[in-house]
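To start, the structure itself, in C-alpha coordinates.
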Amino acid sequence: MLGSILPFNEETADRVSAYCEKNSHGIPDALVEHWEWTRTRFPDADKMSSRLQGSWMIFTARDRKPKRILEIGCYSGYSALAWYEGTRDTKAEIVTLEYSPKMIAASREAFKKYGVGDRVKLIEGPAENTLKTLEGEFDLIFVDANKDGYAGYVKTILDQGLLSANGIILCDNVFARGLTIGPDCAPWLNDHVRPYWNGCGQALDKFSAGLMEDPRIDVLLLPVFDGVTQIRWKDGAQRA
(Lines of atoms letter the chains of each structure in order from A and count residues from 1; the text may use other names and numbers.)
(Lines give C-alpha, C1' and ligand atoms only; values in the text may rest on other atoms or scores of the structure.)
Protein backbone atom coordinates (compact mmCIF):
# COMPACT_ATOMS: atom_id res chain seq x y z
CA MET A 1 0.00 0.00 0.00
CA LEU A 2 1.62 3.24 -1.15
CA GLY A 3 -0.79 5.58 0.62
CA SER A 4 -1.15 5.99 4.38
CA ILE A 5 -4.92 6.09 4.86
CA LEU A 6 -7.63 3.81 3.49
CA PRO A 7 -10.46 5.78 1.83
CA PHE A 8 -13.20 4.98 4.35
CA ASN A 9 -16.58 6.59 4.16
CA GLU A 10 -18.26 7.57 7.45
CA GLU A 11 -20.22 4.32 7.78
CA THR A 12 -17.18 2.16 7.06
CA ALA A 13 -15.06 4.18 9.49
CA ASP A 14 -17.56 3.39 12.26
CA ARG A 15 -17.38 -0.31 11.37
CA VAL A 16 -13.58 -0.23 11.40
CA SER A 17 -13.58 1.49 14.79
CA ALA A 18 -15.88 -1.19 16.19
CA TYR A 19 -13.70 -3.90 14.66
CA CYS A 20 -10.59 -2.40 16.30
CA GLU A 21 -12.31 -2.31 19.68
CA LYS A 22 -13.43 -5.92 19.29
CA ASN A 23 -9.90 -7.04 18.52
CA SER A 24 -8.09 -4.98 21.14
CA HIS A 25 -7.85 -5.42 24.87
CA GLY A 26 -10.50 -3.06 26.15
CA ILE A 27 -10.49 -0.56 28.95
CA PRO A 28 -11.36 -1.73 32.50
CA ASP A 29 -14.96 -1.62 33.68
CA ALA A 30 -14.27 1.45 35.80
CA LEU A 31 -13.14 3.40 32.73
CA VAL A 32 -16.15 2.19 30.75
CA GLU A 33 -18.38 3.40 33.57
CA HIS A 34 -16.67 6.79 33.69
CA TRP A 35 -16.72 7.12 29.88
CA GLU A 36 -20.47 6.48 29.81
CA TRP A 37 -21.03 8.85 32.74
CA THR A 38 -19.18 11.62 30.92
CA ARG A 39 -20.91 10.94 27.60
CA THR A 40 -24.37 11.25 29.12
CA ARG A 41 -23.66 14.16 31.45
CA PHE A 42 -21.82 16.72 29.32
CA PRO A 43 -23.15 18.11 26.00
CA ASP A 44 -19.58 18.61 24.71
CA ALA A 45 -18.51 15.06 25.61
CA ASP A 46 -17.07 14.60 22.11
CA LYS A 47 -14.00 16.36 23.56
CA MET A 48 -13.34 13.19 25.55
CA SER A 49 -11.13 10.48 24.07
CA SER A 50 -12.78 7.36 22.68
CA ARG A 51 -12.81 3.96 24.36
CA LEU A 52 -10.28 2.72 21.80
CA GLN A 53 -8.05 5.69 22.49
CA GLY A 54 -8.22 4.79 26.17
CA SER A 55 -6.89 1.34 25.27
CA TRP A 56 -4.10 3.03 23.30
CA MET A 57 -3.17 5.16 26.31
CA ILE A 58 -2.99 2.14 28.60
CA PHE A 59 -0.95 0.18 26.03
CA THR A 60 1.41 3.13 25.45
CA ALA A 61 1.99 3.66 29.17
CA ARG A 62 2.68 -0.04 29.76
CA ASP A 63 5.07 -0.08 26.81
CA ARG A 64 7.04 3.07 27.65
CA LYS A 65 6.96 2.64 31.44
CA PRO A 66 7.14 6.36 32.29
CA LYS A 67 8.00 7.48 35.80
CA ARG A 68 6.22 10.83 35.43
CA ILE A 69 3.31 11.75 33.15
CA LEU A 70 2.00 15.24 32.41
CA GLU A 71 -1.25 15.97 30.65
CA ILE A 72 -2.45 19.38 29.59
CA GLY A 73 -6.24 19.24 29.56
CA CYS A 74 -7.96 16.92 32.02
CA TYR A 75 -11.63 17.32 30.98
CA SER A 76 -13.57 14.78 33.09
CA GLY A 77 -10.49 12.79 34.11
CA TYR A 78 -10.91 9.90 31.65
CA SER A 79 -7.40 10.13 30.19
CA ALA A 80 -5.79 10.52 33.62
CA LEU A 81 -7.59 7.35 34.73
CA ALA A 82 -6.24 5.57 31.63
CA TRP A 83 -2.68 6.71 32.36
CA TYR A 84 -3.14 5.54 35.94
CA GLU A 85 -4.29 2.12 34.78
CA GLY A 86 -1.35 1.83 32.37
CA THR A 87 1.18 2.60 35.10
CA ARG A 88 -0.05 0.38 37.94
CA ASP A 89 3.23 -1.55 37.84
CA THR A 90 5.55 1.46 37.61
CA LYS A 91 3.53 3.67 39.98
CA ALA A 92 4.11 6.74 37.84
CA GLU A 93 3.28 10.20 39.11
CA ILE A 94 0.55 11.78 36.96
CA VAL A 95 0.14 15.57 36.86
CA THR A 96 -2.91 16.90 35.01
CA LEU A 97 -3.77 20.53 34.28
CA GLU A 98 -7.32 21.90 33.90
CA TYR A 99 -8.82 25.38 33.64
CA SER A 100 -12.61 24.86 33.55
CA PRO A 101 -14.22 24.91 37.03
CA LYS A 102 -16.93 22.54 35.78
CA MET A 103 -14.43 19.98 34.56
CA ILE A 104 -12.21 20.42 37.62
CA ALA A 105 -15.19 19.45 39.77
CA ALA A 106 -15.99 16.47 37.53
CA SER A 107 -12.38 15.27 37.58
CA ARG A 108 -12.02 15.60 41.33
CA GLU A 109 -15.24 13.62 41.76
CA ALA A 110 -13.90 10.88 39.49
CA PHE A 111 -10.48 10.73 41.11
CA LYS A 112 -12.06 10.38 44.55
CA LYS A 113 -14.55 7.76 43.36
CA TYR A 114 -11.89 5.57 41.75
CA GLY A 115 -9.26 6.09 44.44
CA VAL A 116 -6.40 7.42 42.31
CA GLY A 117 -5.38 10.33 44.51
CA ASP A 118 -2.20 8.54 45.56
CA ARG A 119 -0.62 9.24 42.18
CA VAL A 120 -2.82 11.73 40.30
CA LYS A 121 -2.35 15.44 41.02
CA LEU A 122 -4.77 17.95 39.49
CA ILE A 123 -3.47 21.50 39.12
CA GLU A 124 -6.07 24.19 38.56
CA GLY A 125 -5.69 27.27 36.37
CA PRO A 126 -4.77 28.36 32.85
CA ALA A 127 -2.14 25.99 31.48
CA GLU A 128 -0.06 28.84 30.07
CA ASN A 129 0.52 29.85 33.70
CA THR A 130 0.53 26.55 35.62
CA LEU A 131 2.84 24.91 33.10
CA LYS A 132 5.55 27.42 33.95
CA THR A 133 5.43 26.47 37.63
CA LEU A 134 6.32 22.81 37.04
CA GLU A 135 9.73 21.40 37.88
CA GLY A 136 11.59 18.26 36.90
CA GLU A 137 11.17 16.12 33.81
CA PHE A 138 8.28 14.09 32.44
CA ASP A 139 8.65 10.93 30.37
CA LEU A 140 5.25 11.16 28.68
CA ILE A 141 3.36 14.39 28.01
CA PHE A 142 -0.17 14.37 26.59
CA VAL A 143 -1.48 17.63 25.11
CA ASP A 144 -5.27 17.76 24.70
CA ALA A 145 -6.49 21.23 25.60
CA ASN A 146 -7.45 24.43 23.76
CA LYS A 147 -6.04 24.01 20.28
CA ASP A 148 -4.85 27.61 19.92
CA GLY A 149 -2.60 26.99 22.91
CA TYR A 150 -0.68 23.99 21.57
CA ALA A 151 2.18 26.00 20.09
CA GLY A 152 2.79 27.87 23.34
CA TYR A 153 2.47 24.77 25.50
CA VAL A 154 4.97 22.75 23.50
CA LYS A 155 7.39 25.67 23.33
CA THR A 156 7.25 26.06 27.12
CA ILE A 157 7.76 22.31 27.60
CA LEU A 158 10.85 22.36 25.41
CA ASP A 159 12.26 25.67 26.64
CA GLN A 160 11.92 24.62 30.29
CA GLY A 161 13.30 21.14 29.64
CA LEU A 162 10.16 19.46 31.02
CA LEU A 163 10.50 16.60 28.52
CA SER A 164 13.00 13.94 29.62
CA ALA A 165 15.83 12.85 27.34
CA ASN A 166 13.96 9.76 26.12
CA GLY A 167 10.48 11.16 26.65
CA ILE A 168 7.68 11.76 24.19
CA ILE A 169 5.02 14.42 23.68
CA LEU A 170 1.68 13.26 22.24
CA CYS A 171 -0.53 16.02 20.86
CA ASP A 172 -4.13 14.98 20.25
CA ASN A 173 -6.74 16.28 17.77
CA VAL A 174 -4.23 17.90 15.43
CA PHE A 175 -6.60 17.25 12.51
CA ALA A 176 -9.37 19.30 14.16
CA ARG A 177 -12.02 16.93 12.79
CA GLY A 178 -10.34 17.29 9.38
CA LEU A 179 -10.45 21.08 9.12
CA THR A 180 -6.71 21.44 9.69
CA ILE A 181 -6.21 19.86 6.27
CA GLY A 182 -8.90 21.91 4.53
CA PRO A 183 -12.49 23.21 4.86
CA ASP A 184 -13.74 20.49 2.52
CA CYS A 185 -12.33 17.64 4.64
CA ALA A 186 -15.21 17.43 7.12
CA PRO A 187 -18.49 17.45 5.15
CA TRP A 188 -20.17 15.49 7.95
CA LEU A 189 -19.51 18.20 10.58
CA ASN A 190 -22.66 20.13 11.50
CA ASP A 191 -22.84 23.90 11.11
CA HIS A 192 -23.23 24.48 14.86
CA VAL A 193 -19.68 23.33 15.70
CA ARG A 194 -17.99 24.00 12.35
CA PRO A 195 -16.84 27.58 13.18
CA TYR A 196 -15.19 26.35 16.39
CA TRP A 197 -13.33 23.51 14.68
CA ASN A 198 -12.44 25.72 11.73
CA GLY A 199 -10.66 28.09 14.11
CA CYS A 200 -8.95 25.12 15.74
CA GLY A 201 -7.86 23.85 12.35
CA GLN A 202 -6.24 27.15 11.42
CA ALA A 203 -4.36 27.28 14.74
CA LEU A 204 -3.22 23.67 14.47
CA ASP A 205 -2.02 24.12 10.89
CA LYS A 206 0.28 26.90 12.13
CA PHE A 207 1.31 24.72 15.07
CA SER A 208 2.30 21.81 12.83
CA ALA A 209 4.23 24.07 10.47
CA GLY A 210 6.07 25.63 13.41
CA LEU A 211 7.15 22.26 14.76
CA MET A 212 8.89 21.50 11.48
CA GLU A 213 11.03 24.59 11.95
CA ASP A 214 12.29 23.66 15.44
CA PRO A 215 15.76 22.13 15.06
CA ARG A 216 15.65 20.52 18.52
CA ILE A 217 12.96 17.93 17.84
CA ASP A 218 11.85 15.01 15.67
CA VAL A 219 8.19 15.09 14.68
CA LEU A 220 5.82 12.41 13.42
CA LEU A 221 2.17 13.21 12.65
CA LEU A 222 0.07 10.05 12.49
CA PRO A 223 -3.40 9.71 10.91
CA VAL A 224 -4.90 7.94 13.92
CA PHE A 225 -7.97 9.05 15.89
CA ASP A 226 -8.28 12.80 15.13
CA GLY A 227 -4.60 13.08 14.29
CA VAL A 228 -1.79 12.54 16.83
CA THR A 229 1.56 14.31 16.63
CA GLN A 230 4.51 12.63 18.35
CA ILE A 231 7.47 14.77 19.39
CA ARG A 232 10.85 13.73 20.79
CA TRP A 233 14.21 15.37 21.27
CA LYS A 234 16.61 14.90 18.39
CA ASP A 235 19.56 12.73 19.33
CA GLY A 236 22.20 15.04 20.78
CA ALA A 237 19.84 18.03 20.96
CA GLN A 238 20.76 20.77 23.41
CA ARG A 239 18.10 20.72 26.14
CA ALA A 240 17.34 23.39 28.71
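From the backbone N, Cα and C atoms, a Cβ is placed for every residue, glycine too.
What TrEMBL records for Ser49, Tyr75, Glu98, Tyr99, Ala127, Glu128, Asn146 is S-adenosyl-L-homocysteine binding site. Annotated S-adenosyl-L-methionine 2 binding site per TrEMBL: Ser49, Tyr75, Glu98, Tyr99, Ala127, Glu128, in sequence order. If you look up TrEMBL, you'll see Ser49, Glu98, Tyr99, Ala127, Glu128, Asn146 marked as S-adenosyl-L-methionine 1 binding site.
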Least buried by Cβ count (within 10 Å) of the binding-site residues Tyr75, Tyr99: Tyr99
Greatest C-beta neighbour count within 10 angstroms, which of the binding-site residues Glu98, Glu128: Glu98
Greatest C-beta neighbour count within 10 angstroms, which of the binding-site residues Ser49, Asn146: Ser49
Packing count at Ala127 (S-adenosyl-L-homocysteine binding site) (other Cβ atoms within 10 Å of its Cβ): 20
Max CA-CA distance, Å, over listed S-adenosyl-L-methionine 1-binding residues Ser49, Glu98, Tyr99, Ala127, Glu128, Asn146: 22
